[in-house]
Amino acid sequence: MRAFLIVIDGFGIGALPDADAYGDAGSDTYGNTFAATGVQLPALVSLGLNNIDGVAKAFPNGRALRPVSAPRAAYARLREKTPAKDTTAGHYELAGLVLERPYRVYPTFPPDVVADLERAAGVRFLGNEIASGTEIIQRLGPEHLRTGRPILYTSADSVLQIAADTSVLPLERLYAICEAARRVMTGDRAVGRVIARPFVHEGGRFTRTADRRDYALEPPGETLLDKLQARGIPVTGVGKIADIFCGRGIARSIHTSGNAEGLRVLTQLAREEGEGLVFANLVDTDMLYGHRNDAPGYAEALRRIDAALPAIEAGLRGEDLLLITADHGCDPTTPSTDHSREYVPLLVCGGVCPANLGTLDGLDSVARLLEGYFGIGEQVFGCIRPIRRN
């Protein structure tokens with residue numbers, strides 16, 4: 001038995017009822033991106049994406065998201081329980097761990113924290129502000145090149161980010177600085193993730209590379225991955241999954257340079273013999289396009305994911321499952337460059353009966369579904385009981 005869990009990073013499907021408290025009223029990553037670009041996603045739509053509660057709608061420009069008459073998957077809208085909208089909280093909840101108190105969010109890092117960071121890392125920082133990562137490297141990149149000082153910044157999420165040009169600070173040095181920062185940012189100071197953000201420059205332009213590295217805290221409780229590991233069921237992490245979970249519960253990790261490589265890896269894994277859970281994150285939608293308010297780029301990333309799905313699905317055999325979901329929103333059409341507090345989709349195909357599961361309370365519904373599928377918990381979704389496919 002195998003299950004493939006694909007997280008399309010930042011793929012929200014409409015604002016949650018409390019979105020206004022997060023500054024995200026009106027966010028609808030999928031709907032607004034479709035309205036802006038008309039992107040066509042035939043594979044996802046055939047599974048039932050547009051049949052999910054609240055997705056089908058008409059837009060003022062005449063475009064419309066329409067459901068299909070016979071969806072091929074079980075489908076649902078998921079409402080996040082954790083009072084947050086970040087990658088760590090979203091992935092933890094997908095794996096069954098709901099954070100009652102989300103990690104701390106900083107508008108800027110206090111002087112005592114910065115002093116401890118600089119002492120631990122042996123550097124002095126530029127920046128120390130909330131900023132878009134792409135904007136701050138353009139603005140502070142020239143000073144960084146002159147001084148050699150890495151750029152410290154944060155966002156509306158629980159993160160501490162450190163950016164440096166690889167010609168100034170080689171990757172291993174940047175990673176070491178971030179590891180030192182991770183040791184400082186614990187306890188009452190804890191952030192969900194410390195993120196290394198390497199970039200390069202050509203002329204006056206500064207561009208991020210694919211060598212990002214996330215340093216998360218160990219999950220503060222048991223996750224689906226721990227439960228599977230305890231039962232001898234292997235978990236393969238693709239993309240940044242191992243970084244998010246600090247490697248815990250993961251038997252094999254395949255880091256990828258972006259969605260193109262991640263989709264190739266998923267296609268190959270689907271064709272191979274094997275058992276267990278393949279847990280993948282496809283980050284480009286969020287990192288390259290959502291945060292940069294690039295709706296055409298976001299739409300193209302979705303289109304490429306959609307185009308790859310038939311080959312992945314063709315590799316499924318017997319009672320295998322393919323689950324497609326997200327961790328939060330990241331609407332590229334709004335003024336905000338941060339994540340958005342949104343519902344996320346769930347599509348489940350393979351050895352299942354197509355069904356509308358409605359709106360489910362909690363991203364941890366995914367963990368409960370998979371616990372039942374692998375026989376380590378009660379299966380509360382009748383349609384998800386594996387059926388033998390022809």
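The backbone N, Cα and C atoms fix where each Cβ goes, and this holds for glycine too.
Where the annotation comes from TrEMBL, it is an automatic prediction and has not been curated.
Together with D286, H291, TrEMBL lists one candidate of H255, H339 for binding Mn(2+) 2, that being H339.
In terms of C-alpha distance, the listed binding-site residues D286, H291, H339 place H339 closest to H328 (Mn(2+) 1 binding site). Shown are the binding-site residues H291, H328, H339; of these, the residue with the fewest other Cβ atoms within 10 Å is H291. Distance noted between the C-alpha atoms of H339 (Mn(2+) 2 binding site) and D9 (Mn(2+) 1 binding site) is 10 Å. For the pair formed by H291 (Mn(2+) 2 binding site) and D327 (Mn(2+) 1 binding site), distance between Cα atoms is given as 15 Å, rounded to the nearest Å. Residue pair D286 (Mn(2+) 2 binding site) / D9 (Mn(2+) 1 binding site) shows a Cα separation of 5 Å.
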